[in-house]
Amino acid sequence: MSAEPVRSQTSAGPGAAQASARVEPLARSEFILGGQKSGKSRRAETLAAAWLAASPKHDAVLIATAQPFDAEMRDRIERHRRDRAARVPGLRTVEAPRALAETLAACSRPETLVVVDCLTLWLTNLCMPAAVDWEPKPADASVKWADIAPFIEAIEAAPGPVVLVGNEIGLGVIPLGAQVRAFVDTLGALNQAVARVCARVTLMCAGLPLTLKGGVS
């Protein structure tokens, strides 16, 4: 896949990323991580909008991993759908709460940018049975590498560009509870594995991108 020049776009409004206006190539794969409301999803949407604008042959798909387990989450998901449709009308959405590797492989094409939002919720889904009345137990937070490895391989094998969104939740104090500690540890391992195979890694803070890997000179 040849790199396409992508012009960073600055969006107005609360939480909008203050991106540079210079032209930079879209990475083969980019991992965007940060805290809640740090601008992760907005950056991914900006990259998708620029990819679609670069050529009429380009396509973009967002793989959403969230599951509506309660009314608040259902409202949040619906709000995100409306906001995405308004900001990036050409960005199609595919739901994949668990089968992320298979869905990425099915959606990726040389002319198609695939956005995955987000890895943290995907990992949460792997820790939970499908039933809505799930009761958490410490062992439920244990996810084996065999559950994650196929997705890492799918990132490397993707024929088109991939943008991955995830949370960085390991910067605070050590959490109370064995289940939460196990989840934070597993998410940290997942983030490291994804960062190793991605061409670019970007940390978002207060809407500002900090390139950790694969910066443009």
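We count from 1, first residue shown onward.
Heads up, the Cβ atoms here are built off N, Cα and C, so glycines get one too.
Keep in mind the model is a prediction, meaning the values are calculated, not measured.
Under the three-state DSSP scheme, His80 (active site, GMP-histidine intermediate) falls in the helix class. Applying an 8 A CB threshold to same-chain residues 6+ apart, the list for His80 (active site, GMP-histidine intermediate) reads Ser41, Ala64, Ala66. TrEMBL lists His80 with the feature active site, GMP-histidine intermediate.
Around the Cβ of Arg82 (GTP binding site), a 10 Å sphere holds 10 further Cβ atoms from the protein chains shown. The GTP binding site annotation in TrEMBL covers 34-41, 64-66, 81-84, Glu95, Asp117.
According to TrEMBL, the feature region 'Disordered' maps to 1-22.
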When the number of other CB atoms within 10 A of each residue's CB is tallied over all shown chains, which of the binding-site residues Lys37, Lys40 has the maximum? Lys40
